[in-house]
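**Q** Pasting a structure here, questions to come.
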């Protein structure tokens, strides 16, 4: 069957530009290689077509055919025949199959099947119901790479390998036609095919092509089964294949029938939006944390590497350091980080067998692939021997144990959080409170830059609230704002403030800023990271202890330990006791303690209580991760992040699908807590900020820098439009599967990226001012090698240019960014480039200029990319041709659909995994759509002076989008002090007892019950968000956005709100719905109920 049969124009198959249903978009850094489903017409579809054909022949209302036959009778006869044929096919493929039959579908033509050398199974080169052939599907999912052809096939029993070096990785292999002879030579992509001096001058390396194209083996190598063969074969879906592959890991002899057995592939319970109590919360999140832990353990323990060569060295602290290189892998699965624990074993016979544990102190970078580990103890280490070592990755459960412990503490310990935060986090409706505090006269902190109007508003509001969300779009001074908030909280004198973030880099950046204010800051890091240098090492707890003058005995013991390497047992005991005392003293006297979210579970903090807690980058942390610091006594909690950028990393797809990939920040937004958005960006040239602002932030970003500020002196680069430092460079290359089998690369794009980088360097840019980013690890790895071997300038220059994945670049910036899109195919889709949050991150890293290299034909099929390409074309920066003579591309694109939902902007970029039908169907919940009533017009005419919200008619009824009602109602007068209750809504739906304490575990079962017929209205958030702010300015123009076409926000036939979906989103974001996202948006919605036969607003 030809590949063309599967094209978009095919009438036989329906193309769905989607990833697998179970591969969630929110799993932002999971596997990059996904399989797009094709759907063969099912039996019912075929029958439906037959019926419609007959209907077309029916003449008149009586359903009589022209020849007088009864139409119904004729149809029944045809259907019976169709069913009979299907039965025949069933029996054909349930009979005994030969050993070499495809393990998925049963096709057994020797010319069509390939043997997987690793799994010892046969697979065909047909696609069936999936986009990739069955053999490629298996190789990718099982992470296998070596194959053998069938002995009765046209090429005989052949193991596919490189002619030059013997490499058997089929994802690396390709062929070169020999010029003289009618033969082809198999060579690996790197290094053999890229070598300038190939063995035989008849080989033209420029003709090299991969053996796997369009996700199947080339048809001359392995025949593709005919359409008839594939139709008669066992039909298997991508989802079944995925489950079968998982089953094979446990039981290699499992079959499709085993999938039907009870207990196989049980799905975990899905996360909820609201929880009855903390026990239910723990019972849902605990199993998800365990799933992720088990997956992580299996992944780490499967990474054993043999035959490692070690280079030994001695560190300044007298500890042994082992340097080694691991075999090249670009799978992206193994994320080796500084501080990780590694076990090194000697397996040879030149010295006694030995085993040592060490911590990673250096990871591969552009300068080299070497890894360095510092050994805990060097006793018996065979330092004279370099060869025959084995590396094992030691899995540590610490992070997951601390998450589980936090979930338990939240459930059983009354003092872990305040009553208000307890109920807010569980989604209970409680009265909003204002904290009575002395506001500073000047909000800017000493040692930090002056704040702009939106930053001042954020600081002022946060200080008065027990729970706040701050949304910081790219370059809006999120770190400065957070540091200023921490400064004012610390000045209030309520004990140390705890500051956390998911990553060590984010913690270090914030620690540095807070230190500039003059506060006493302690950076608490894991003991495994104490040897790792960072910009704030001098603030680290272990280093501050070294410099304590108040404990001379500790200093003497420390000096002795440094000189000798070890202490006697009695001295060691005394040293540890003194060290613990010093640590406690430093921590208790600190103004601010900074650590990672998981680091907050450190035993050294166990006895401490923190009234105020700030979590930066909270949208990149899973919810249990956020709970680790929260349960240390939070009475005032501030979450900072941006849900329009990439979310948490969840490796286990099952856990991600169940909602572990949802951040706490996002869930609270959905519950109706409006984030305070920072509005002035100081990073990007105004021309670079226009598109992200209009598409991702409803035009609310204002520019804190001018075009003149972003003109680089001594930089001579010819931009296609001198006033717009950006362009899209049209590249017509083809994507290839990378050597890991789980990622992609594009050689043509890599060559163009090198040319552009060289041009930027020649124009005066320094190497460290350029960042090259790509969504795919395969392309990142290929680019690093390509620049080294093929760059026309000195190798050292290219080494200093940072090449990273888009995900790794979040939170970073460079003067110039080159984005390589990689994807270029006829009908496979664009994979996880579909994720709009990834595009947002990619476009907002640059300060002075952005260059995108990609294939517009492939990208324009996705509506958001189509929007970007249209925008670049309108700006006359969609270009092609040689770099020294760029010309405008004549490529045409379809008119972009309207992407901005004026009713509920920005929400489409949030992955809402926590919604399920149970939540949506609860009568009276915020998603209750049982009524069609509309509020009177007075509730539509809202004016938010903070965000400059315009007024307009409300098409909510047709959009089927749930909006939390508390964002619509007029403001209540703010309470005067903590715990004060105002108005008739007092106590409605609030937990029993005072708001300041946890009160009862059970919610008020009267008006506050989810199951009640009458919805229960939370106190209005508007009281805190609709505060007058004279500094607010209007948004950037949105003139170029097409506004004419109506917004198609829900799929036809879907009535439940949790199934509504933005029209442009790919399948990765199915189940996305618009929800209230930010302070700068028009929040209008209906939440009516039937009362006494009259539809009206519920009592406020």
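We number each residue from 1, going along the chain as drawn.
The backbone N, Cα and C atoms fix where each Cβ goes, and this holds for glycine too.
The structure displayed is predicted, hence computed values, not measured ones.
Dumping what Swiss-Prot says about this protein:
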COMPBIAS  42-53  compositional bias 'Low complexity'
REGION    42-67  region 'Disordered'
DOMAIN    94-251  domain 'Upf1 CH-rich'
BINDING   102, 105, 124, 134  Zn(2+) 1 binding site
BINDING   116, 119, 138, 144  Zn(2+) 2 binding site
REGION    116-144  region 'CC/SHH/C'
BINDING   162, 165, 188, 192  Zn(2+) 3 binding site
REGION    162-192  region 'C4'
BINDING   455, 475, 476, 477, 478, 479, 645, 682, 813  ATP binding site
REGION    978-1065  region 'Disordered'
COMPBIAS  982-993  compositional bias 'Low complexity'
COMPBIAS  1012-1063  compositional bias 'Polar residues'
**Q** Considering the binding-site residues 105, 124, 162, 188, 192, which residue's Cβ sits among the greatest number of other Cβ atoms within 10 Å?
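**A** Of 105, 124, 162, 188, 192, the one with the most crowded Cβ is 124.
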**Q** Please report the distance from the Cα of residue 119 (Zn(2+) 2 binding site) to the Cα of residue 455 (ATP binding site), rounded to the nearest angstrom.
**A** 58
**Q** Spatially, and counting Cα to Cα, which of the binding-site residues is closest to residue 813 (ATP binding site)? Options: 102, 105, 138, 162, 165.
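**A** Of all the candidates listed, 138 is nearest in space.
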**Q** Spatially speaking, which of the binding-site residues 144, 162, 188 is closest to residue 645 (ATP binding site)? Use C-alpha to C-alpha, please.
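**A** Answer for the nearest of the binding-site residues: 144.
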**Q** What is the number of residues in the region 'C4' (162-192) that are helix, strand and coil, as DSSP sees it?
**A** 1 helix, 11 strand, 19 coil
**Q** Please identify, among the binding-site residues 162, 165, 478, the one with the smallest Cα-Cα distance to residue 134 (Zn(2+) 1 binding site).
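**A** So, of the listed binding-site residues, the one sitting closest to residue 134 (Zn(2+) 1 binding site) is 162.
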**Q** By the count of other Cβ atoms within 10 Å, pick out the sparsest of the binding-site residues 134, 138.
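**A** Selected from the binding-site residues 134, 138 on minimum Cβ neighbours within 10 Å: 138.
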**Q** Once the chains shown are all counted, how many other Cβ atoms turn up within 10 Å of the Cβ of residue 102 (Zn(2+) 1 binding site)?
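**A** A count of 28.
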**Q** Quiz question: given the binding-site residues 144, 165, 478, which has the greatest number of C-beta atoms lying within 10 angstroms of its own C-beta?
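**A** In terms of Cβ crowding, the pick is 478.
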**Q** Around residue 119 (Zn(2+) 2 binding site), how many other C-beta atoms are within 10 angstroms of its C-beta?
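**A** Its Cβ has 17 other Cβ atoms within 10 Å.
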**Q** Taking the Cβ of residue 116 (Zn(2+) 2 binding site) as the centre, count every other Cβ atom within 10 Å, in any protein chain shown.
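**A** Other Cβ atoms found within 10 Å: 20.
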**Q** How far is it from residue 192 (Zn(2+) 3 binding site) to residue 138 (Zn(2+) 2 binding site), counting Cα to Cα, in Å?
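**A** With the alpha carbons as reference points, the distance is 26 Å.
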**Q** Taking only the Cα atoms, work out how far residue 165 (Zn(2+) 3 binding site) lies from residue 455 (ATP binding site), in Å, as a whole number.
**A** 60
**Q** Restricting the comparison to the binding-site residues 102, 105, 138, 188, which residue's C-alpha is spatially nearest the C-alpha of residue 478 (ATP binding site)?
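**A** Nearest listed residue in space: 138.
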**Q** Which one is closest to residue 116 (Zn(2+) 2 binding site) in space, judged by CA to CA distance, out of the binding-site residues 102, 105, 162?
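**A** Nearest listed residue in space: 102.
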